[in-house]
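Heads up, the thing below is written out as structure tokens.
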Amino acid sequence: MSLMKNERAIIMSMWEKMAAQAEPIGTETLERLFCSYPQTKTYFPHFDLHHGSQQLRAHGFKIMTAVGDAVKSIDNLSSALTKLSELHAYILRVDPVNFKLLSHCLLVTMAARFPADFTPEVHEAWDKFMSILSSILTEKYR
């Protein structure tokens, strides 16, 4: 699966709107993940998982920074995500299904925060983009 030129443009345009709110978007995405899929909390036993905690905000920002880096490397995603894939596969040993769960929570957060901008075309492009990211992040599991 690859992104078409118009999908890349949609993703980059939406990212420009999101980048300034990276920390709150990332935090809200994690809070949605932990609320909707409580089993994902097991990967964060050392975190304060209360609403708006410093650790949630920091990790949310880290996730969104990685998403932003992926947007910047949209034409070479595999190379851009190699270290992140290795970290999650070999060191953190995150169940690959969690990438899809996080992706879904990010899409819901985007829709809630940008209702006028989150058109069906934006939804489709970002869903495809996050599916590609999830797939790349699970490559090292094979």
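Keep in mind that glycine also has a Cβ here, set from the backbone N, Cα and C atoms.
Here Swiss-Prot flags Ser2 as N-acetylserine, drawing on similarity to another entry. Contacts of Ser2 (N-acetylserine) defined by a Cβ separation under 8 A and a same-chain sequence distance of 6+ are given as Ile132, in order along the sequence.
Secondary structure of the domain 'Globin' (2-142) per DSSP (helix as H, G, I; strand as E, B; remaining residues coil): 109 helix, 0 strand, 32 coil. Annotated domain 'Globin' per Swiss-Prot: 2-142, in sequence order, evidence recorded as sequence analysis.
The feature phosphothreonine is assigned by Swiss-Prot to Thr29.
For Ser53 (among others), the entry in Swiss-Prot reads phosphoserine, with the evidence type similarity to another entry. Cβ neighbours within 10 Å of Ser53 (phosphoserine), excluding its own Cβ and spanning all shown chains: 15.
Summarising the annotation, Swiss-Prot assigns heme b binding site to His59, His88. Note on His59 (heme b binding site): other Cβ atoms within 10 Å of its Cβ, all shown chains, come to 16.
Sequence annotations record features per position, and here Swiss-Prot assigns phosphoserine to Ser73 (among others) based on similarity to another entry.
Comparing C-alpha positions, Ser53 (phosphoserine) sits nearest to His59 among the recorded positions Thr29, His59, Ser73.
Here the C-alpha separation of Thr29 (phosphothreonine) and His59 (heme b binding site) works out to 10 Å. Between the alpha carbons (Cα) of His59 (heme b binding site) and Ser73 (phosphoserine) lies a span of roughly 21 Å. The average pLDDT for the domain 'Globin' (2-142) in the predicted structure is 89.
Of all the modified residues given, namely Thr29, Ser73, the one with the smallest number of surrounding CB atoms inside 10 A is Ser73.
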